[in-house]
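Q: In case it's useful when we look at the structure, here is the feature table from TrEMBL:
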- 1-87: domain 'CAND6/7 N-terminal' (DOMAIN)
- 105-345: domain 'GOST seven transmembrane' (DOMAIN)
- 106-124: transmembrane segment (TRANSMEM)
- 136-152: transmembrane segment (TRANSMEM)
- 172-198: transmembrane segment (TRANSMEM)
- 210-229: transmembrane segment (TRANSMEM)
- 241-262: transmembrane segment (TRANSMEM)
- 290-312: transmembrane segment (TRANSMEM)
- 318-339: transmembrane segment (TRANSMEM)
Amino acid sequence: PSLLGFFLLSEESLLQVLLEIQQNSHFCVLNSRYIQHLFTFSELSPPPLSRLNRSYPVSSPNEYSLFFSNCAPETRVSMDVITEIYNLDRDGSKDYLSAGQTQLPSLYTVFSVLYLFFLAYWVYVCYTNRRCVHRIHLLMSGLLLFKALNLICAAEDKHYVKVTGTPHGWDVLFYIFQFIRVVLLFTVIVLIGTGWSFLKPFLQEREKKVLMIVIPLQVLANIASVVIGETGPFIKDWATWNQVFLLVDIICCCAIIFPIVWSIRSLRETSKTDGKAARNLAKLTLFRQFYIVVIGYLYFTRIVVFALRTIAAYKYQWVSNAAEETASLAFYLIIFYMFRPVEKNEYFILEEEDEEAAELALRDEDFEL
């Protein structure tokens, strides 16, 4: 029984314990000096009702994970375990979120309200310019709606976990709306990159293939996200699911760039033959800016946010979430402004005297990717 037990392990000590196990495959982690020992099965009450009910105060603030270790490989164990892990607020109430996440309910609530105002204004813009509204603008409206719903569910999920310790079903709604939102986001980026509905009424075969690749991959990525979020290292293939999510996300991020590159190259070729240099230069400028904005958004949310999450102290884990949501809101604002429905879009309506200058610009400059 002394070879089976529970312990707490801080994030900083996890690497040290892994090194101990790597150096000695027969090493029992319960004997490590880096763990905070809770109890072993030798402390349980005698059979047949072996049980233990105990509280453990944690005196050293940090981010801890609860582990069970079985150092008797020939022993099979079955048990019912109920755990409560919480911080005590100043008024004595329990906070079941970690110190670095306790601000998330308020953070997500603020951003959900901002997106609802954004959606209301977008609907107003579409209504006042309804003669210029294309199908892509309707998809963009849906994207804003599901982004707001996703944040509302995230706020409720974290709120109920903070107060009661369980999400009360809000996690299910969160994952549903997250799936729809992510698929819509990648679809909108691909369709805008192709110029669908506002530059041309249909998609080419290669553009359809990009969507046929991206959407199923996003289904797989969201399945991996659910497995990662709702489980932990205790399941057999948890590390594999992390690798699947990372790989699929990288593939999708690369795939959505191709339609933008194709559009830029197509516009450069068209500008040499159709005699509308000023108009093509405006479109080319628009898609260049779109390309840069998309690359910047993907870089920030995938690399910078990950770096913040890695280097931030446990009390400030919410900063990476705030940075990610701020970058996302800025990205949405820029993209929606660039492709808003207006009768006289400054990108496409140019004066005749600009034609000669545009021809020179198209002749002189190059944009190789």
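Note: Cβ is positioned from N, Cα and C throughout, glycine not excepted.
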Q: Please work out the mean pLDDT for the residues of the domain 'CAND6/7 N-terminal' (1-87).
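A: When the pLDDT values over the domain 'CAND6/7 N-terminal' (1-87) are averaged, the result is 85.
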Q: DSSP-wise, what's the residue breakdown of the domain 'CAND6/7 N-terminal' (1-87) into helix, strand and coil?
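A: Output for the domain 'CAND6/7 N-terminal' (1-87) reads 19 helix, 20 strand, 48 coil.
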